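Lifted from TrEMBL, the feature list:
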type: TRANSMEM; residues: 15-32; note: transmembrane segment
type: TRANSMEM; residues: 44-65; note: transmembrane segment
type: TRANSMEM; residues: 96-114; note: transmembrane segment
type: TRANSMEM; residues: 126-143; note: transmembrane segment
type: DOMAIN; residues: 130-270; note: domain 'Fatty acid hydroxylase'
type: TRANSMEM; residues: 180-210; note: transmembrane segment
type: TRANSMEM; residues: 322-343; note: transmembrane segment
type: DOMAIN; residues: 508-564; note: domain 'Very-long-chain aldehyde decarbonylase CER1-like C-terminal'
Amino acid sequence: MVVVAPLSSWPWENLGSLKCLLYGPLLANGFYSLYQDGNILQNWCLHILLLSLLRMGIHVAWSSYSNMLFLTRNRRIIQQGVDFKQIDMEWEWDNFLILQSLMASMMVYLFPWLGNLPLWKTKGLITILILHVGIAEPLFYVFHRFFHTHYLFTHYHSLHHSSPVPQSFTAGNATFLEHLAWSLVIGAPILGTSLLGYGSTIMIFCYVLVFDFLRCLGLSNVEIVPHRLFEAVPILRYLLYTPTYHTLHRTEKETNFCLFMPLFDAIGNTVHKNSWELHKEMSSKAGKNGKVPDFVFLAHVVDITSSMHAPFVSRFFASRPFVTKLSLIPLWPITFIVMLVMWGRSKPFLYSFYNLRDWLHQTWVVPRFGFQYFLPFAREGINNHIEEAILRADKLGVKVISLAALNKNEALNGGGTLFVEKHPNLRVRVVHGNTLTAAVILNEIPKDAKEVFLTGATSKLGRAIALYLCRRKVRVLMLTLATERFEKIQKEAPTECQSYLVQVTKYQAARNCKYTMSRGVVHACHAGGVVHHLEGWTHHEVGALDVDRIDLVWEAALKHGLKPVSSK
């Protein structure tokens, strides 16, 4: 039997997404009061809900910025990526917003005058700033050091530190007891200012939103505070922490405990000795090229819906299998505008990265959506972007660049041949990766198969699969209306094998066929480029597939531990 520490779990943790119903009474009361009084300025229920939405927006915005690698790659403090385990662990990050909304409601019921605060009082901002420095900062510092004692850290605070890469959502990844303490920290200056008669609605909104903004700043893992600011005004380093400063606390654990002001670490003698030097080092990296990737996968955007699953749009959607969600429909107009902006003013950008055996692999994205590849007037621009990416990779010293999906379309650029012929002295190897794709599909077919029905039969991939199978004396029913293209492929086969290639024009021909495949069954072109890099091959893999290399590429993939996910 596992004994759970008191107040370590959330009261509503078993509700899942239904926890949003806890906002129901606030919403109902707010709209009822609005209907009765028509006064939205004094409607504290709607104010609490609005404030929660704005706070959520701040955390989401910071998460988006942190994951925009094309902006932040040279400012990142911890270089590793955020894995699925951390994303799942931080899934319920917004629990503290519900808690503080409920606590705010209780305070209004206990002190009804808090629900009738004026819209604005100038002295309120000055007062709350003084109370923040005099109450919130030292209170947080004491609580935080207390939570680093052995028992409390082991049973409570270790959860917060279990996120390897700090993100804005890490702020919410803590136990119920901790957030009760942090609620006292953020609530004390607000209540104090209001008790002194200087409280106002705008003051509360400003304080809470700035509070959250600064917390997200410290947890962003992106150093945006320039070191020159502290060199020009040295005292500022004791008044404002930096992402580097807080990251040192997360890694070292025994220093840099402050909320936002290192002054209190200086008073408590807990400033990490390398805080300022490391901050200068991280800040100085901005604008400089980081580590050169060994391998680049050059992708493109599929469609508007899938683009909303990018990590810098929503890392939660990005971490789940793709599905179309009704909740994303309101974002369509915004995404459509972004698509138009990308069409007019954009260039290939860094999307994601991972490390494989100490090699840096990156995914770059051509700023074009799938449908644009079929617009005749857009082809030249798309090829220019692909060429730009290849030349950039060549200049940086990238070893292999693999073209994804439509970026290697035969009608567009001959499967990459266009770029290799135009730039014969390329050092970077251009790879379409389809040889491994063909190998994966072929190895999905049982060795004793006698007949296969093949759609996409005259495509580059279909051609290679058909030629390979006919050599194994497997009868291939090639679904195509293009008789001329079928006959051209048939003539490529050895004379004794040509009879195994049969043209069919209807799906009904597959009624007696046990094994049916469509294009895109296995997405292996990325892995094909990886194998090309791992093997150190120096040739380009562009244009038509070399059927004789299929087995070689397959064996190389298996040698390096790359295995397909079976579709059977």
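Here the Cβ of each residue, glycine as well, is placed from N, Cα and C on the backbone.
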Quiz prompt | Beyond the flanks of the transmembrane segment (96-114) by at least 6 residues, Cβ under 8 Å | solution = 12, 19, 22-23, 25-26, 44-45, 48-49, 51-52, 55-56, 171-172, 174, 176, 179-180, 182-183, 186-187, 191, 194, 199
Quiz item: Using DSSP, how many residues of the domain 'Fatty acid hydroxylase' (130-270) fall into helix, strand and coil, respectively?
Solution: 100 helix, 1 strand, 40 coil
Quiz item: Residues sitting near the transmembrane segment (126-143): Cβ under 8 Å, six or more positions beyond its termini, same chain?
Solution: 181-182, 184-186, 188-190, 192-193, 196, 198, 203, 207, 257-261, 263-265, 268
Quiz item: Where does the mean pLDDT land for the domain 'Fatty acid hydroxylase' (130-270)?
Solution: 97
